Amino acid sequence: MAPTLSAFTLPQAVAETFIVALFYGFYLITTCYANRWLFFADEGWKLRKNIHWFMAVMTNLLATLSLVNMTMILRDTISQSTFVEEGHRPEEYVFASWVAPVGCVLANLIALVSDVVLIYRLWVVYGRRLRVICFPVFLWAGGIVCTVLQAYLQVKHIHDPDFGPYQWASVNMSVGPGIVLIPFWGSTVILNAYSTGLLIRRIRKASGEGENPTMAKQLRHLLRILMESGILYLAVSIAHFFVWFGQDNFAIHVVGGLNLIIMAIAFNLILIRTANSRAEGEEAEHHDTGMSAIHFKSKPTMIPVEYQSSLETESAVYPS
């Protein structure tokens, strides 16, 4: 007998909304801080001369998608509460047919936006070498294919409930077809583990080769930022991947909602902390008579200024 999901009750919907909304509040704060560093100078509120528009667009696109996702969660909870207040039984409530397809596409888009920025960072740190990002780009492209296929399957399933291999796929079918979500979220976890690992390896190597103590300290701090944010992202992504194989509908909804918000928070934290670190480093350089560029003892490792300036410029630092 195929496994069945537990009922998703009204109290659980309210609890999910409260938990996700709480974390969404934290996310809004980090988004404001991230935009402050992206659009304004380090000191004061003067607009930057060179705004990194790619990061600015990606940051606010992620914020827009997250806002729409949060709005959908609130809408569903309010609709379910109104339905019960009208005298109906909670278990009789049926979600609108468009909710599942739109919600899953939104979730996938949030992950894809975060992943494309990670790939971009990897590309820049490795001196724009395409071969370094071939594998992540392949996984990312696969995610796009899965998203399109998922939307098709869900829309088709609305019109024909018997369509698809739903009899054997032992994952949550009320949120999204498991035959698509398994490769999508699996590839997302692999992409992030692979890309973050390469970034850490590259920056760790550069921090050991640099002769400038101040710059080496900044790179070590950047390394710590990447490790902390990467662990945060991977932890919630792995939890979200495995919760789909369970039968607790409440856990699936809560972890699914938190996965998207924590993913976005980790995205912003990298921007905020690297920008703050760069600003502190520039201030320290004013009191330092030593060299301000990275010099290497052996074969040079190229680390871009972009990472030290929260991806606000695109030039790389080469050894002199």
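Yeah, the Cβs are placed from backbone N, Cα and C, and that goes for glycine too.
According to TrEMBL, the protein has these features:
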type	residues	note
TRANSMEM	18-39	transmembrane segment
TRANSMEM	51-74	transmembrane segment
TRANSMEM	94-120	transmembrane segment
TRANSMEM	132-155	transmembrane segment
TRANSMEM	175-200	transmembrane segment
TRANSMEM	221-244	transmembrane segment
TRANSMEM	250-271	transmembrane segment
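Same-chain residues lying 6+ beyond the ends of the transmembrane segment (221-244) with a Cβ under 8 Å from its Cβ atoms: 114, 171-172, 175, 178, 181-182, 185-186, 188-189, 192-193, 196, 199-200, 203-204, 207, 251-252, 255-256, 258-259, 262-263, 265-266, 269-270, 273-274, 277, 307-308. At the 8 Å Cβ threshold, with sequence separation of at least 6, the transmembrane segment (175-200) comes into contact with the transmembrane segment (94-120) through 3 or more pairs. Within its own chain, the transmembrane segment (18-39) has Cβ neighbours under 8 Å at 47-48, 51-52, 55-56, 59-60, 63, 66, 70, 73-74, 254, 257-258, 261-262, 264-265, 268-269, 271-272, 275-276, 310, 312, counting only residues six or more beyond its boundaries. The stretch in closest packing with the transmembrane segment (51-74), judged by the count of Cβ pairs under 8 Å and taken from 94-120, 132-155, 250-271, is 94-120. Counting residues 6+ beyond its ends, the transmembrane segment (132-155) has Cβ neighbours under 8 Å at 100-101, 104-105, 108-109, 111-112, 115-116, 118-119, 122-123, 126, 163-164, 176-177, 179-181, 183-184, 187-188, 190-191, 194-195, 198 in the same chain.
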